[in-house]
Amino acid sequence: MNLCNSRLSVTFVRQCSTIFTSSILQNKCSSINGRVSSCSSSFSAHRTMSSGHRGSRDSSGSPGPAGAAGVGGAPPFQHPHCDRAAMYEQPVRKMRTKGGTYDYDLIVIGGGSAGLACAKEAVLNGARVACLDYVKPTPTLGTKWGVGGTCVNVGCIPKKLMHQASLLGEAVHEAAAYGWNVDDKIKPDWNKLVQSVQNHIKSVNWVTRVDLRDKKVEYINGLGSFVDSHTMLAKLKSGERTITAQTFVIAVGGRPRYPDIPGAVEHGITSDDLFSLDREPGKTLVVGAGYIGLECAGFLKGLGYEPTVMVRSIVLRGFDQQMAELVASSMEERGIPFLRKSVPLSVEKQDDGKLLVKYQNTETGEEAEELFDTVLWAIGRKGLVDDLNLPNAGVSVQKDKIPVDSQEATNVANIYAVGDIIYGKPELTPVAVLAGRLLARRLYGGATQRMDYNDVATTVFTPLEYACVGLSEEDAVKQYGADEVEVFHGYYKPTEFFIPQKSVRYCYLKAVAERHGDQRVYGLHYLGPVAGEVIQGFAAALKSGLTINTLINTVGIHPTTAEEFTRLSITKRSGLDPTPASCCS
């Protein structure tokens, strides 16, 4: 009890002293003419412990009231490849509620991660909000889904669940080596798996609708198109409805592309269809070697099917190419064939229901054909701008995406865009969620914090997972020059791989860093088990200015694979063998 009272006393004293200090700083600023800007900077840098609204803090963690000087200073820490000062050059646009002038203060177009996060946060900050959401059925199977967007329905969530199902199948067979008596006849039930995944998705759809209702966001299930910059026509099941708003946020995301070849739309499916497919996929041709294609091929193989990956040019475009090739090699080692430098020419359905795919090697010009049960298109995604009638509102479009500035503002003053629809930004759910929330706080909560799109961690959920944060080795060399970049790397042996004698050939990681000076870390890359769990904490460290010295002087947790980052000591430049001799010394 005494200890508890002591802690309460210390907390109370700290809060009182903070309030007192803050008051002195404010009085000092108001009493000295000509020094207001410098005092404002001092006050902004002072970290308070008062319980202000979370939306009122800028990216440095400092209070950002509406009357704060300028745009509220950029964060003091300047990451080497994140120009935060430039990001804060323009003043923040703020939209205040104007009750009665429009039907709503804000209309969010799109019921996915970005749109829902923005809509709910705007309501919390006093805005009247509607969320307009509509899903067009897929052209081949007519697949459609409920509120929640790509991530919940046909993206991250079902993908991770099927990935987990494939890992469990692998683990069951490994269990025998650990002494478990396992029936060799164990096999997956595709229909049961699909039903379980869909049941979970529907529960999330329901919870999301309830959450919108509780937070007073009006959900409108309709397809919206602009009449002008403040007016939208919504096509509903019951007819058409015209609605107006002071501000619009476009968060419609994207959908998979189909190639322009005979039979592509009639006979091929995409990830929009796969997670609810009412038959076993069987022998599957996955066209495309981005992360969606590789993830789907990976879990299909783990579930006992026969995927083949067709690669037009390179694997995992946009990722570190050394790591990308290691991912592909690890999949080939598991029995997943890759058709390199190949493009499909046509898909023809045979009398027995199988699909005859004709394709061509782009280097030799040689043509070939092969039969498959399923053809899965994974050749990229297209922004859903066509139905919006953006020219009516004057909004610019760039390659079926919407260009925005550092505030997610379009070229039209009252129209913003967040999530996968914006041009040139990471298409990831956590990015969309945070960007949507921050936008709403700036528009209606008096905040100044802007989304930092640099150094976003991500994971490719292939059988051997790949996670990274920061710059690839290629991008670091391009930005700083080969002589100024040092790459620390190493292979490692996960302890849990030993007894079942799993391959450790592709378990590899590296840190891309500054060669001289503090040796600041530019990027971290990891290929191995539970990659996402490993890289998340390192992502925070990297954004906080991680150096090689800090990394190698951090004591690792043993035995884990995450500790391998703390054991990095061999550079590529040295030419030494990065293969470990022992796990414990």
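Each Cβ is built from the backbone N, Cα and C atoms, and glycine gets one as well.
These numbers come from a predicted model, not from an experiment.
Features reported for this protein in TrEMBL:
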| type | residues | note |
| --- | --- | --- |
| ACT_SITE | HIS558 | active site, proton acceptor |
| BINDING | LYS160, GLY224, ASP420 | FAD binding site |
| BINDING | GLY288, ALA289, GLY290, TYR291, ILE292, GLY293, LEU294, GLU295, GLY380 | NAD(+) binding site |
| COMPBIAS | 50-66 | compositional bias 'Low complexity' |
| DISULFID | CYS151-CYS156 | disulfide bond |
| DOMAIN | 104-436 | domain 'FAD/NAD(P)-binding' |
| DOMAIN | 456-567 | domain 'Pyridine nucleotide-disulphide oxidoreductase dimerisation' |
| REGION | 47-73 | region 'Disordered' |
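A Cβ within 8 Å of the Cβ centre of GLY288, ALA289, GLY290, TYR291, ILE292, GLY293, LEU294, GLU295, GLY380, the residues given for NAD(+), is found for these other residues of the same chain: VAL286, CYS296, LEU316, ALA378. Comparing HIS558 (active site, proton acceptor) with GLY224 (FAD binding site), their Cα atoms are 54 Å apart once rounded.
Comparing GLY380 (NAD(+) binding site) with ASP420 (FAD binding site), their Cα atoms are 12 Å apart once rounded. Within 10 Å of the Cα of LYS160 (FAD binding site), not one of the binding-site residues from the list GLY290, ILE292, LEU294 places its own Cα. Taking all protein chains in view, 17 other C-beta atoms sit within 10 angstroms of the C-beta of CYS156 (disulfide bond). The Cβ of GLY288 (NAD(+) binding site) has VAL309, MET310, VAL311, ARG312, TRP377, ALA378, ILE379, GLY380 as same-chain neighbours under 8 Å, each 6 or more residues away in sequence. ILE292 (NAD(+) binding site) and GLY224 (FAD binding site) have their C-alpha atoms 28 Å apart, to the nearest angstrom. The shortest Cα-Cα distance between LEU294 (NAD(+) binding site) and any of the recorded positions CYS151, CYS156, GLY224, ASP420 is the one to CYS156. Helix, strand and coil content of the domain 'Pyridine nucleotide-disulphide oxidoreductase dimerisation' (456-567), in residues and according to DSSP, is 38 helix, 33 strand, 41 coil. With every protein chain in view, the residue among the binding-site residues GLY224, GLY290, GLY380 whose Cβ has the most Cβ partners within 10 Å turns out to be GLY224.
A count of other CB atoms within 10 A of each Cβ picks out LEU294 as the most crowded of the recorded positions CYS151, ILE292, LEU294. For ASP420 (FAD binding site), the nearest neighbour among the listed recorded positions (CYS151, CYS156, GLY290), judged by C-alpha distance, is CYS151. For the recorded positions LYS160, HIS558, counting C-beta atoms within 10 A of each C-beta gives the highest total at LYS160.
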